[in-house]
Amino acid sequence: MTNKPLRRSAQAIAVLCAAALSLTACGSSDDSGSGAKAADAGSVEAALKKGGTVTVWAWEPTLKQVVTDFQAKYPKVKVKLVNAGTGNDQYTALQNAVQAGSGAPDVAQIEYYALSQFALGKSVTDLSAYGAKDLSKAYSPGPWNSVAVNGGVYALPMDSGPMAMFFNKKVLDKYKIAVPTTWDEYLTAARALHKADPKAYITNDTGDAGFVTSLIWQAGGHPYTVDGTKVNVDFGDAGTKKFTEVWQKLISEKLLAPITSWSDQWYKGLADGTIATLSTGAWMPANFVSGVPSASGDWRAAPLPQWQAGQTASAENGGSSLAVMEAAKDKPLAYAFVKYANKDAGVQARIKGGAFPATTADLNSQAFLDTEFPYFGGQKANEIFAKSAGNVAKGWSYLPYQVYANSVFNDTVGKAYVSSTPLSDALGTWQEASVKYGKDQGFSVGG
Amino acid sequence: MAQASTQADTGAGTGADGRAGTAGAWRGRRGAPSERPAGRRHSSDRPRRSVLLTVLTALVAVYTLVPLAWLLISATKTQKSLLDSFGLWFSGDFALWDNIQQTLTYDDHIFVRWLLNTLLYVALGAGGATFLAVLGGYGLAKFDFPGRRGVFAVVIGAVAVPGAALAVPTFLMFSKMGLTNTPWAVIVPSLISPFGLYLMWVFASEAIPDELLEAARVDGSGEIRTFFRIGLPLLGPGIVTVLLFTVVATWNNYFLPLIMIKDPDWYPLTLGLNAWNAQAATAGGQPVFNLVVTGSLLTIVPLVAAFLLLQRFWQTGLAAGSVKE
């Protein structure tokens, strides 16, 4: 708490060096020698027999159990699990290590939105050589499309975040507000709730890049189109307009709680009913259980509200993959661990630990769908999540430098949340910043 | 500084413990104005009380103490009442001991490991930095050699460069040497303290009379022996000052280890607490705000203790060089 300002400036510097470093990383993407040697699934088996050490950088808490199980099954393999920071902190460290040529891990956890940046910079290995392409049907489409980029497979999906709306049933019932099924109803509910209790808000939002892009995704927008190094950024399409119309009203009428997600205030708001709904990825239940224990029984899950009544469109929010680094010492062995954790026995261990899988076999298994969540009053919430996973809108892609774009989100779009700047104008400013950065990096950018 | 020098002039002997605010008051009561030159009385014996200054001082005191009070109070709360209650008063069960115990045992006693790491970095980094600063400062103050002006310029220039600006180049260099992710990556850069060197330099030229060294040399003492037997004892207050500076800098160091160290087993406390804090913002992560708060309290306790114990030296050290004889 005490070192917050320091932390912020340190982060700013870290982002700067990440930006500077990715420049060179992207610059080397023209190299034709990708370094992928001829390998096959057999080499993976051989590597497991031979043994060795795999260093894994990840912050996902359920991996601890997976590592224990894996080492028990393959005693010759030693897995060193290191929490090198969460999200951006880790990407910066990863870029630094890649750039410096030493200190990088063999396997790294990378969120879907950030993966194409590492794939294009050739910091992570194309796993096609080890048979990863055959797994395309094993994962739900949203996560798979995020790892299968540029004609290769650059990671295996670890978890996924098909979106749902979590709502505080106690609060909505108290004010006799129906659970909204469309975003228009959501707006009406927001007005009714805040009028009934000026301290209560339909949700919290101070501007979050992941959330905004996910809702535009659900609305069928395609602000980013990517073809190799040809990129187009356009926040003027129909999907984006649907989003800004509703959200602008929520902002202008001050119907959103000015609380940043993941802060202590946020956990407090989720617990005491001042934040009434939360639209986010299906990985959220584990966080409810550990972070908001006092509100157990108050909350329920529902499908994400729709942009048009009667539809079932959804989007992904968050979620991450495990990638094998190009600098890995023993790639077949590293891949063996990734496959164990994200496709084979590791998945079950992680579901038990509260993770939400990306594997279709688990998403469709009866046991998974029938799981009752005591936290949600015994609701079989996985039915909603699994349906959402199947309904993720097709054709979405992130920028190959989304990590940077998200880092300037608050400087641009963030203004719309705290001033009279219209949301659509603010998105335009974000677009300009993204286009300019892309051009500076040597991409051919339109928009 | 001006206050300290006038006190020293009047010979009241209170300059050392530095209670500048109260010193005037009780000296006034002691009276005996006839013993002193009349002109002095006005300026130093009876400082006029200023409401504005008192209010300003009070504001600064509140500004400094409120976060500390918040930390102390919050460390006594459970995670639940931490979120549910007003921050500046006690609420719910008194959970301080429980929190401390949890902090020390959570995640296989990793906090204890971080504490030991920090102690290691401080002992070797700050200790080494002080030792080097004392050696260098003494040498520069007491020996005349060609290039001394050049060294002076470099040291003054180095004081102006913030450590954070050097972190990235240092990282790249250490990475080439294969030192990242080892304790050396934190200890070695901590060994250099340009400000400490400058302070020791100024202090040594004031505190050690050249005549004393001459006398020692005439008596046949070697340079090394002279340094340890005559120089060091005289440098005591300065050494403590530099030591405190470097200890605080190393203890609170965040950016350097953030860049250098990725293995939580080698984290200092600052990084460890940040990692616990970040845990609240991950899918499936467990928020441990109560442990972050209690951990922060435990982290500052040794620093507070060091300040209270070494306060006397610290203040004489600060005043060094402010009096021109």
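Just so you know, glycine gets a Cβ as well, placed from its N, Cα and C.
According to TrEMBL, the compositional bias 'Low complexity' annotation covers B:1-11.
The domain 'ABC transmembrane type-1' annotation in TrEMBL covers B:115-310.
Residues annotated as region 'Disordered' in TrEMBL: B:1-45.
Residues of the same chain lying 6 or more positions beyond the ends of the transmembrane segment (B:50-73) and with a Cβ under 8 Å from any Cβ of it are 21, 87-90, 293, 296-297, 300. Residues or ranges marked as transmembrane segment in TrEMBL: B:50-73 (among others).
The feature transmembrane segment is assigned by TrEMBL to B:114-138 (among others).
The transmembrane segment annotation in TrEMBL covers B:150-172 (among others).
Remote same-chain partners of the transmembrane segment (B:184-205), defined as residues 6 or more beyond its termini with a Cβ less than 8 Å from a stretch Cβ, comprise 120-121, 124-126, 128-130, 132-134, 136-138, 140-142, 155-156, 158-159, 163, 166, 170, 174, 231, 235, 237-239, 241-242, 245-246, 249-250, 253, 256-257, 260-261, 266, 268, 317, 320-321. Residues or ranges marked as transmembrane segment by TrEMBL: B:184-205 (among others).
Residues or ranges marked as transmembrane segment in TrEMBL: B:226-251 (among others). Sequence-distant neighbours of the transmembrane segment (B:226-251) (same chain, 6+ residues past either end, Cβ-Cβ under 8 Å): 118, 121-122, 125-127, 129-130, 133-134, 137-138, 142, 190, 193, 195-196, 199-200, 203-204, 207-208, 212-213, 216-217, 268-269, 302-303, 306-307, 310, 313-314, 316-318, 320.
Per TrEMBL, transmembrane segment is recorded for B:288-310 (among others). For the transmembrane segment (B:288-310), the residues of the chain that approach it from at least six positions outside its boundaries are 71-72, 74-75, 77-79, 82-83, 95-96, 99-100, 102-103, 106, 111, 115, 240, 243-244, 247-248, 251-252, 269-270, 272-273, 276-277, 279-280, judged by C-beta separation under 8 angstroms.
Same-chain residues lying 6 or more positions outside the transmembrane segment (B:150-172) and placing a CB less than 8 Å from one of its CB atoms are 140, 180, 189, 192, 194-195, 197-198, 201, 255-256, 259-260.
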